[in-house]
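Features of the protein shown, as given by TrEMBL:
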type     : residues           : note
DOMAIN   : B:161-270          : domain 'Acyl-CoA oxidase/dehydrogenase middle'
BINDING  : B:THR164, B:GLY203 : FAD binding site
ACT_SITE : B:GLU448           : active site, proton acceptor
DOMAIN   : B:503-676          : domain 'Acyl-CoA oxidase C-terminal'
2 protein chains.
Amino acid sequence: MAPSRTVDERTKALVAPVSAAVQSACADPKQDAANERSQASFNPEELAVLMQGGQSKADLNKRAVELLQELPFGDKTRRYMLTRPEEYVGGLEAGVAIWNMRNAGKISHGEAMAMRRQLNWPGGLELHLGMFIPSILAHGTDEQQAYWMPKCERLEVIGTYAQTELGHGTFLRGLETVAVFDPDTDEFVVHSPTLTATKWWPGGLGKTATHVILMARLVSRGRDYGVHSFVMQIRDLPTHRPLPGVTVGDIGPKLGYQGVDNGYLSFDHVRIPRSALLSRWSKLDAAGNYTPPPPANAKASYATMVFVRADIVKNAGDFLSRAVTIATRYAAVRRQTAPAAGARELQVLDYDNVSQTLLPLVARAYALSFMGRELFGMYSRYVRDRERGVFGDLPELHALSSGLKAACTEQTANGIETCRRTCGGHGYSQLSGLPNLFAYYVQNVTWEGENSVMYLQAARFLIKAALAVRGGKLPEELAPSARFLGARGDAVSGVRGARGWADPAAQVEGLAHVARHLTLQALRVLLAANGGQPAFEGAAWNGSSVDLIRAARAFCMLELHRTFVAAVEECAAQGLSAATADALRALEANGDLLESGFITQEQAAALRDAKRQLVREVRPDAVAYTDGFGYDDYLLNSALGRKDGDVYRALLDMAQASPLNDSEEGPAWDAVLKAQLGSTKAKL
Amino acid sequence: MAPSRTVDERTKALVAPVSAAVQSACADPKQDAANERSQASFNPEELAVLMQGGQSKADLNKRAVELLQELPFGDKTRRYMLTRPEEYVGGLEAGVAIWNMRNAGKISHGEAMAMRRQLNWPGGLELHLGMFIPSILAHGTDEQQAYWMPKCERLEVIGTYAQTELGHGTFLRGLETVAVFDPDTDEFVVHSPTLTATKWWPGGLGKTATHVILMARLVSRGRDYGVHSFVMQIRDLPTHRPLPGVTVGDIGPKLGYQGVDNGYLSFDHVRIPRSALLSRWSKLDAAGNYTPPPPANAKASYATMVFVRADIVKNAGDFLSRAVTIATRYAAVRRQTAPAAGARELQVLDYDNVSQTLLPLVARAYALSFMGRELFGMYSRYVRDRERGVFGDLPELHALSSGLKAACTEQTANGIETCRRTCGGHGYSQLSGLPNLFAYYVQNVTWEGENSVMYLQAARFLIKAALAVRGGKLPEELAPSARFLGARGDAVSGVRGARGWADPAAQVEGLAHVARHLTLQALRVLLAANGGQPAFEGAAWNGSSVDLIRAARAFCMLELHRTFVAAVEECAAQGLSAATADALRALEANGDLLESGFITQEQAAALRDAKRQLVREVRPDAVAYTDGFGYDDYLLNSALGRKDGDVYRALLDMAQASPLNDSEEGPAWDAVLKAQLGSTKAKL
């Protein structure tokens with residue numbers, strides 16, 4: 001801040017009328033935000049409760065924010081300013097503190113989890129809670145669980161999950177770390193035979209974890225039984241130094257997640273007891289005789305995978321809705337360029353290309369949230385059926401959860417970046433929250449199954465269904481989501497004009513037609529590459545992957561839209577007319593509809609008209625839809641996404657915490673600038 | 001590193017055969033990289049010289065790297081590890097040091113500029129060199145230049161360019177900062193009448209600049225003459241503290257550019273002399289009488305804009321080529337997933353969907369570089385013509401430079417991110433260089449004209465040309481790049497089979513057809529929105545912007561491809577067969593070709609076949625093409641983009657510099673973990 005000083009009255013008088021003219025023409029973003037809300041056609045409060053999962057969850061979120069605001073680590077003022085070590089230490093401190101509060105009974109488990117969500121500070125504890133504990137529960141014997149779980153709960157140990165290696169990602173069979181059984185001592189010798197065997201990426205491994213779930217090849221009596229899970233200590237507890245033979249450290253900075261100490265880990269002939277093998281399913285006796293897991297176990301681990309993917313899809317909705325909340329609110333108060341001399345600058349949201357970008361993304365965010373719920377529902381039904389010994393739905397569930405994992409993460413990652421770009425210059429400021437949102441989200445297109453691999457899983461299901469149809473199966477004999485492949489469907493769309501496209505049934509039929517056409521086209525390419533025979537691996541499959549992925553993406557768009565239409569019908573009372581906007585977005589993105597021969601040039605033009613009209617219809621509700629996601633300013637931590645619209649004040653206030661502002665002269669004065677500039681006279 | 005310790009012989013003997021088996025199956029990335037080069041069909045050295053702009057420029061780049069490697073600030077080992085203050089101080093130190101070496105005659109100006117490029121460390125000096133000095137040269141009188149230039153050259157002052165404000169971006173007329181002339185003292189009073197008048201974003205403003213080119217409304221004798229340039233001191237030189245009435249600081253962290261102190265600046269009735277007004281074109285006398293710039297001046301500033309955009313397009317090629325170099329080299333040595341049990345894991349570049357993503361981007365990077373050269377050529381021709389008083393080409397040059405600015409930056413920003421995603425998990429590591437490449441590049445879609453605004457400039461040119469054709473103008477009466485709108489063209493493509501699409505003429509004709517169709521469609525939408533009359537602003541223009549932007553994008557794809565085809569013909573000797581791959585990529589991206597009715601379903605399928613085949617044909621040259629860009633490992637600073645393929649060693653080595661690795665226990669031990677874990681017994 002400049003020191004206060006006196007400006008003489010004559011100067012004030014000279015400038016005052018000029019200032020007054022500027023001030024009277026100046027827009028008031030708070031007023032713009034209020035105007036947006038006053039023109040909404042529905043009350044977003046109700047919707048916000050629904051989207052948070054009901055009143056009790058909404059209350060929990062509110063309570064979590066209140067709790068956090070009273071705690072030192074809950075202050076987000078400097079969050080975007082932290083160095084990596086500060087972000088790492090702070091995140092861990094917060095994570096440990098919340099967990100200790102829970103253990104001490106000061107807060108409930110639900111409050112602890114809600115606080116973690118609202119604090120939104122991933123750190124060294126994520127994989128302890130998210131992978132170490134669940135692995136012990138899933139793969140440990142009752143004795144192993146009884147031994148480890150109390151220590152885990154009390155944070156007397158902190159674990160992580162060490163699977164990926166420098167040279168190996170998701171391909172489990174390629175892992176190079178070995179655990180060789182030594183029957184003479186009843187121990188395994190854990191060893192990294194190559195540089196590429198170095199474990200790489202596990203969160204919390206670098207400087208936090210004392211233990212790991214180690215994924216390594218179990219070798220006994222000269223035989224390699226493939227990759228198994230071991231629980232293994234890597235650091236000495238009283239000193240936190242690596243145990244002998246263990247090399248461990250931080251892998252350096254990443255895109256996002258600076259608070260997480262993703263680590264590397266390698267072994268030089270390190271001995272661990274036989275009891276380190278998690279033995280609920282696979283066992284090794286003292287003589288080194290191996291018992292493989294029961295065959296049904298594979299299906300259990302499929303279920304876990306489906307659960308994780310349902311969570312990823314739900315999460316996609318969460319992240320995209322945060323991004324559209326920020327971008328839409330800002331576009332509503334940002335004014336840029338007067339359409340004519342003397343006119344007021346337009347709200348950015350009133351530029352047609354902006355509203356036609358943002359509003360379909362708002363609808364998409366709702367669609368993704370509904371899809372996540374639907375997948376959780378399918379998972380629950382599967383678990384219920386499995387308990388009755390019924391496994392029929394598994395291939396479909398696997399295909400849907402794989403494909404939708406890819407489609408939803410792809411749309412959210414790209415959608416966040418699109419939102420950021422609509423914010424213009426201020427979207428580049430970390431204080432907008434958007435660069436971080438992207439950096440923290442985008443990994444979802446890669447982890448838990450790289451997206452092209454995921455699409456190909458869904459494509460396998462589609463190709464099998466298409467072959468079944470060809471072999472004479474009737475639609476009702478196919479899995480429900482594949483029945484569109486057996487349906488006849490009209491060869492040519494009968495939709496007329498823009499109004500016709502507003503009908504959800506027409507939208508779904510259009511998307512089904514595209515998915516059918518692309519599936520059959522991919523099948524043709526695949527058969528042509530393999531002498532007329534189907535193949536599901538090898539050169540022919542690989543050589544058809546671009547077409548297969550395209551078909552799977554179209555299939556997922558169909559599923560997503562079908563689910564959205566059904567969900568909107570269920571809660572039409574909340575006023576979700578953006579449904580149709582989403583639909584048209586989905587259709588328009590595909591030139592595929594034309595290639596399939598389903599629609600004509602005129603119908604395509606009508607489709608674009610329909611989209612244009614629909615976006616204009618829902619424009620007055622834009623800000624209300626973002627309120628309907630129910631995010632607190634505290635969670636968003638965004639100067640641009642503030643509910644009250646006071647974005648410019650927020651930017652200026654938040655910038656004060658920049659470490660470069662610690663002194664007026666700045667950190668380069670003594671080191672660089674003084675010698676260069678300081679010898680000159682005071683004023684030029 | 002783990003302390004050395006002795007492993008007993010029996011343990012070694014137990015593990016040795018297992019290790020040997022793993023080692024023998026393990027891939028050697030250096031060998032993979034060497035194999036790629038040995039299978040190339042051409043020698044990339046020659047191409048690398050061409051792409052760097054000739055032998056003397058290639059030598060300069062090499063020399064710059066040698067010079068930098070002998071200087072302390074030239075060490076890039078810790079570059080990805082720096083805190084913001086470290087990155088700011090380091091970048092400024094390097095920038096000042098290089099400039100002082102040049103001023104002292106230790107290096108040539110060319111060497112200084114090459115060192116700045118190879119060092120690649122944007123900091124507080126960028127706008128001094130890139131905007132402050134050029135503004136004084138463009139808008140200062142001879143006396144002003146004589147006064148300021150020596151000080152600028154010797155870095156006795158450091159300047160920046162203060163235009164954008166918190167509430168105002170590119171819309172110059174909206175700026176709120178005022179400079180009110182006081183004839184009694186022959187001074188201006190500079191004042192910020194509103195919060196939104198706060199200058200925001202200028203690089204180097206936060207803590208470095210002593211002076212600014214201030215863009216403010218000149219008000220004299222009660223009349224507002226609009227925005228003018230003033231040169232103004234903001235900091236005291238001996239102390240570097242803000243002058244009275246000046247508030248200045250850093251705006252906080254951004255997406256990329258952490259070394260730059262982008263700043264904010266506001267004024268409380270600050271007096272500057274009348275001589276602060278840069279008066280080459282506009283003048284104010286001591287009585288406050290204003291003389292406006294001569295009318296021809298607007299055309300001069302257009303020329304500057306064209307030059308800047310040509311540079312942006314060239315730069316787009318540079319950035320995309322760096323990204324594809326890193327991603328392609330890594331995809332060639334990364335192996336992932338064995339196609340069948342017992343088989344070797346495949347090189348990621350041999351997955352069809354990866355090669356069909358990366359190779360077209362390689363071609364695109366070459367295309368963007370050629371386009372940049374072509375635009376520079378057009379600019380030079382324009383400047384030559386202007387000197388002869390000929391201004392005819394300006395509307396076309398303006399349209400092309402606007403549209404291509406948008407198209408090229410959009411493709412590069414999205415292309416870098418696509419490259420990053422093909423790198424899987426390791427693409428998230430900052431050590432790959434890719435997250436930074438994106439963060440430093442993506443602003444180009446926003447600055448110097450936000451892309452949708454730029455596309456609309458090109459659309460205006462297209463619509464005018466389309467109206468001229470409608471009014472009876474013949475193709476040869478149109479600007480050369482618009483002649484395709486007047487050409488008849490076949491109504492339906494005659495291309496047969498995949499081979500047919502390999503013909504550049506067929507590709508260009510296809511793209512021309514799409515651009516023509518979309519221009520006419522946008523015109524229809526525009527006329528329909530305005531009662532049959534054309535409009536170039538207001539609601540009808542705004543309401544047609546989605547279609548207008550689509551048409552402009554198609555027009556730019558046509559220009560880009562036309563230029564590429566011509567350039568490749570010129571240097572076919574270098575073996576640039578990827579040209580065709582690029583073409584097909586461009587075509588395929590448009591479902592538009594179908595919507596235009598130009599091609600049939602069968603032709604579309606053939607187009608996809610053609611692309612598939614072409615990518616396979618150029619696959620053996622993939623790595624050689626990246627060598628052809630001529631980048632030194634020093635510039636790329638990427639563990640994954642290393643020329644020798646030794647990527648895993650590089651990741652591990654580079655990670656050692658992480659500040660979290662400064663101690664074995666890590667920075668959270670004393671503060672958080674000791675209390676939680678330290679009291680437990682040593683080993684569980």
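Backbone N, Cα and C atoms are what each Cβ position is placed from, and that goes for glycine too.
In TrEMBL, annotation is done automatically, which means it is predicted and not curated.
Features per TrEMBL, on structure.
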residue	record	CB count, 10 Å
B:THR164	FAD binding site	21
B:GLY203	FAD binding site	24
B:GLU448	active site, proton acceptor	15
**Item:** B:GLU448 (active site, proton acceptor) and B:GLY203 (FAD binding site), Cα-Cα, nearest whole angstrom
**Value:** 14
**Pairwise Cα distance for B:GLU448 (active site, proton acceptor)/B:THR164 (FAD binding site) [Å, integer]** = 11
**Item:** Intermolecular Cβ proximity, recorded positions B:THR164, B:GLY203, B:GLU448 versus chain A, under 8 Å
**Value:** B:THR164
**Request:** Compute the average pLDDT of the predicted model within the domain 'Acyl-CoA oxidase/dehydrogenase middle' (B:161-270).
**Result:** 97
**Item:** the domain 'Acyl-CoA oxidase/dehydrogenase middle' (B:161-270) - residue tally per DSSP class, helix then strand then coil
**Value:** 6 helix, 51 strand, 53 coil
